[in-house]
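**Q** Input: one structure, supplied below.
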Amino acid sequence: MIIVFDIGNTNIHLGYYKDNKLLRTEIYKTEIEIGKDLLKKILYKNEIEGVGISSVVPQLSEKLVKHLRREFNIKPLLIDAKIKMPVRIAYKNLGADRIANLNGAYLKYHSPILIFSFGTAITGDLVSREGIHLGGFIAPGIESQLSLLNQRTALVRNIKLKSPQNFFGRSTSECVSSGILNGIKFLVRGFIQEAKNTYRDGLKVIATGGWAKRMMRLIPELEIYDDEITLYGIFNLYKYNLNG
């Protein structure tokens, strides 16, 4: 069995693969310390052949790699721009989560792809039909924007986002909801339109991440919801690098 770790700013997603199939997933809260007890629980009850890791929390992944090597004699694949991959990425410090997403999407959908991830940050990446990463963007995520307003403005406190009933809000809560959600809607639509100016036919637009389902209701141009694409990308990058 192959276990893949997707370590995000908020959650750690685990995927368990056997015979190229995802058997199950688990979610844990992201903590700076990954305890040996948790790893024993994960690893000892499974026959582990290998581990793949995508992480945007370096101090956590470094400790995880040390634990795996020292305690379990497992040398994991830690995803970064130096590993082998089917997509030619645009720059060397591209984040591991985006590397996993764009490679996973390209391998799965075999088309020009534009993949959006809606999490703590919102990211988008465009990949050509030939497997060339043409670039992307990073913007603050929904909760990050709301948290900033709550922290930095005296009169905006404890706002809960709701789908805007009116485009121009009629209360502070409605204005915040409209500003954040409609702002993201137009941001995403703008990037989709730019991508379609390049790829008029065959472009597949994919959404993943914790807020993806909600954003798909707001943005019909998001065509495919795939909540397993990051795990799929990590697993396939592990296989791609298996023989060095």
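Cβ coordinates are placed from backbone N, Cα and C, and glycine is handled just like the others.
Note that the structure is a prediction, hence the values are computed from the model and not measured.
As listed in TrEMBL for this protein:
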BINDING   D6, I7, G8, N9, T10, N11, I12, H13, T120  ATP binding site
BINDING   Y91, G95, A96, D97, R98, T172  substrate binding site
ACT_SITE  D97  active site, proton acceptor
**Q** Highest CB neighbour count within 10 A among the binding-site residues T10, T120, T172?
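**A** Of the binding-site residues T10, T120, T172, the highest Cβ count within 10 Å belongs to T120.
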**Q** Between the Cα atoms of G95 (substrate binding site) and T120 (ATP binding site), what distance do you get, rounded to the nearest Å?
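**A** Each residue's Cα considered, G95 (substrate binding site) and T120 (ATP binding site) end up 14 Å apart.
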**Q** From the Cα of G8 (ATP binding site) across to the Cα of A96 (substrate binding site), what is the distance in angstrom?
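**A** A96 (substrate binding site) to G8 (ATP binding site), Cα-Cα distance: 10 Å.
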**Q** Near G8 (ATP binding site), how many other Cβ atoms are within 10 Å of its Cβ?
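**A** Counting Cβ neighbours of G8 (ATP binding site) within 10 Å gives 21.
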**Q** Using the recorded ATP site (D6, I7, G8, N9, T10, N11, I12, H13, T120) as reference, state which further residues of the same chain have their Cβ within 8 Å of the centre of those residues' Cβ atoms, listed in sequence order.
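**A** Surrounding the site, in chain order, are T30, V56, V57, G119.
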